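Undergrad: Attaching a single structure in structure tokens format; questions to follow.
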Amino acid sequence: MFTLNLKIALRNLWKNKVSSFINVIGLAIGLAACLILLIYVTYEWNFDKQSKNSANIYMAMTNISNDNGKVFMTFDGTTTALAPLIKQQIPEVKYVGRMDYGGKGLIANGENSFKKTSRFAEPDILRIYDYQFSYGNPRIALNDPHSVILTEGMAKTLFGTTDVLNRSVRYQDNINLKVTGVIKDLPANSSDQFDYLMPWSFYEELDADAKDLNWGNFSYLTRVLLDADANPELVNAKLGKLLKNYKQLKFATHFLFPQNKIHLYGKFENGRSTGGDIERIWLFMGLAIGILLIACINFMNMATAKSEKRAKEVGIKKTMGASRPSLIIQFLTESMVLTMISIAIAITLAEICLPAFNNLLQMNLKMSYFDTRSWLGIVGLVVITGLVAGSYPAFYLSSFNPIQTLKRKTQGRKMLDVSMRQVLIIGQFCFTIMLIISTLVIYKQIQYIKNRPLGVEVNALVEMPQEGALLTKYDLLKARLLKSGAVTSMYHSYSGLVHHNNNISGIKWPGMTADNNIQFNKVLTTVDFIKTTGLKVIQGRDFSEKYASDTAAVLVSSATVKTMALAHPLGQVIDLFGEKLTIIGVFDDYVFDSPYKSNNPLIVTMNKRNKGAITMRLNPERSLKENTEVIEKISRELNPAYPLELNFVSAAYAALLQQEVTLGILSNLFGGLAIFISCLGLFGLAVYSAEQRTKEFGIRKVLGASVYSLMQLLSLSFLKMIVVAIVIAVPLAYYFMGAWLQKFEFHTTISWWIILIAASGTLLIALLTVGYQAYKTATSNPVDALKYE
Amino acid sequence: MITLQNIEKYYATKGLKSYILRHVSTTIQQGEFVSIMGPSGAGKSTLLNILGMLEEPTYGTYEFMGEDITSLSERKKIELYRNHIGFVFQAYHLIDEMTVAENIEAPLLYKKIAGAERKSRVADMLDRFNIVGKKDLFPNQLSGGQQQLVGIARALAAQPSIILADEPTGNLQSAQALQIMELFKKLNEEENITIIQVTHSEVNAGYGSRILHLLDGVIKEDLNVVNL
């Protein structure tokens, strides 16, 4: 029975090439989207779940609250003193390890030097994360201060081989470290990334802050492994009680958070996790499943449209003694066969698309063909799709009464039958139109943000990290660069122009009303800050070498003046934790951190000690190539160990929009696919409907109907459905995209032309799809049509 | 084998009953060859459909092999289709996607007959109807007469006790029609299969043993055919 059903299914597919093609292509695209989604979700879902103990690994988080006890910030930085306390006082804790945030550091094997991600960690980190050691002993690998653990990739980069135990590498062109371990490369979906890992004891040598056990500097990470049977809530309660005794923690508290959740649920509000990247996963799921559903609807519509043909078969089989379940199974077999063919194409499609998708999301996803789980996923996808696409037609077709189907030559229209198909088509186009409107709104929002004035002259503005010899030879560098003519002005500061994230509260100013917790963003910079960046000065002047007193001076943004309500800001003195600073200049606000909202008011101080980035304005008279060559030459002379890393500030601004640009591309892509598959389905139905009505058209033509009126007859019924879809989709899309826009403080509006374009575009494409078929039928010779029956 | 008592069938439209069958009562014994005749619209096909359980009478009782059909469950009806009833249609109604051999095999599949047995029965049928050479062809590659032969072979494959034929020769040329009628007669006489056919043709009716004349839904005549 099964083999016969299979054979019939294949013969049916072969016989109805148009509908088979439409179904296979549609389903293949939908399945490919779902496959990529499946890979993506698996990747995200397994974030930080690789190590054996991952379920028991926790990270210490810090809540910062204001005077009213309201938590306004939650982050993963902790102090150095927390780890030893936890270890001593909480019995459920098996291991505690401190790490730093990691950064790019120079590592060299002789002349081969590279800037790679480094981390410092306590030896117990190796017990918390069971890194796979290819060489070396995890028990002792971090014991000696001057040792280092390399990943295999790092070892290969440096030495060309992974068997490099006991070889020596040079760190930051300064200290030689012995390789005490080589571990397998860390999976991309794990949080604590590094290329090489160094002992905490070495960190303590380098940085006095790391050695000092304090409760004030939240620059370190604390990772905790709890006993397998520990109750994390209980542990957190204990921790809370324990920390109450520490007077230094006036405004900060700590809690443990499961590490394998931080990636997807890393957004905290008021000290509680409120989601995070999981939203992105829901969005992807919605899009991919939507596409697949559209393809499934095509299948349903084509299957039920052909019901007249299949009804005869059902009738005959029923008179032979076929039971309804056996018929349902037969029709499901057909949808399964179709889905199987589609999945084969879908896997190929997904393979072709993955590189582009990876590129878009900056990921490295792969299909794993040798993993049973991925095959289970694929089989599950096929079964579910086959069932979704096939069950409605199966139940519908198998319900036919034999006598009605056998008796009737041409089936009369059943009300319900037609309206169900209409509902499905309307559903398809609703989804499609909503996607098109979303795409346009996202595009408009991105344009709106892009076109907002930055307040900074980004052209010819470049940044480079201040590191190595440049930490001490900045003045020489500045003198030589200015003299060379490649750079017209420059300054160094603690962080780059786009990212500040140095929020403070507790500033006092004249006329201030009571205590408050207003947050300001503090920028530590040096002379020529305004001259280099091209900010607009409203009052006063830039920092300058000419005034020695400028170390006690401050520049403020106009938002700061407004916040502080200073009528005459120049010359006013503000108090920054005891430091008295005189306002010497006011500049117009500029965009940093997030281009979507107004950021904290800025306080710019002059501070030569805090170094991080050098910002330069290139000479516009010369070519870019010329300028960079000069900078590279001078930088190499002064700082030979470090390769030059020149970044354009404009690129840094563009990166701020990356997430929305990605969203735009995705909704574009999925919207395009949705309209393509929907129109394929529409085309299939038009072909079928035309076929069915050839005789009617023949008769009408003989009676004198014009081509136009016939086309109208065929097209109008389809276009009516699209119009209904538009009527439903527009308010929905308007509502959802309106809510999306509300997430941004600076946002555009949904203009009428967006809706007009989406509606008329969809109508036009649908009209072309159906119209072609209608024209073909309407212009055919009536004699052929009438002979046909 | 079949007992009909006071069978009525009507459609009610706008309060008006339009009768198709009225007061039809008759008994058909195992081994009879009955022809139902009458002008168009007399209710022949409806009667056959009721006999074949494809339609339900509005009123009256119908007993098939001692069982009351009107109260029979769907499952029971399917059992009867599988084991006792073979249909032959005017328009042949072969399944277009199946080859000749597969069409003949199909009812055996529903009867859940084992593979080897199925193959031998299909081979037997092909042999008997001289269509072995056509077993891998599809219905649309055959002439009408050949298609009807396949249709009958399919009905017979399940070894039914009764064959219901709705104008089995209506679409055929006279030579082919004669061939089919000869076949029916032979099946009736040699294998004792009950046959009920609807026909317009006096000639075809002559092959049977009994003729029911229907006029406006009423049995006007019930004749025994005297074999000449």
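Using N, Cα and C of the backbone, Cβ positions are placed for all residues, glycine too.
Automated prediction, rather than curation, is the source of TrEMBL annotations.
Heads up, here are the entries from TrEMBL:
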type     : residues  : note
DOMAIN   : A:20-240  : domain 'MacB-like periplasmic core'
DOMAIN   : A:287-402 : domain 'ABC3 transporter permease C-terminal'
DOMAIN   : A:425-626 : domain 'MacB-like periplasmic core'
DOMAIN   : A:669-782 : domain 'ABC3 transporter permease C-terminal'
TRANSMEM : A:21-43   : transmembrane segment
TRANSMEM : A:281-300 : transmembrane segment
TRANSMEM : A:327-357 : transmembrane segment
TRANSMEM : A:377-397 : transmembrane segment
TRANSMEM : A:418-443 : transmembrane segment
TRANSMEM : A:669-690 : transmembrane segment
TRANSMEM : A:702-730 : transmembrane segment
TRANSMEM : A:750-772 : transmembrane segment
Undergrad: So, taking each listed stretch (A:20-240, A:287-402, A:669-782) in turn and counting its Cβ pairs to the domain 'MacB-like periplasmic core' (A:425-626) that are under 8 angstroms, which one gives the highest count?
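TA: Ranked by Cβ pairs under 8 Å, first place goes to A:669-782.
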Undergrad: Looking only at the domain 'ABC3 transporter permease C-terminal' (A:669-782), what is the mean pLDDT?
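TA: Mean pLDDT, the domain 'ABC3 transporter permease C-terminal' (A:669-782): 85.
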Undergrad: What does the DSSP secondary structure composition of the domain 'ABC3 transporter permease C-terminal' (A:669-782) look like, as residue counts for helix, strand and coil?
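TA: Final tally across the stretch: 97 helix, 0 strand, 17 coil.
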Undergrad: Can you count helix, strand and coil residues in the domain 'ABC3 transporter permease C-terminal' (A:287-402) using DSSP?
TA: 98 helix, 0 strand, 18 coil
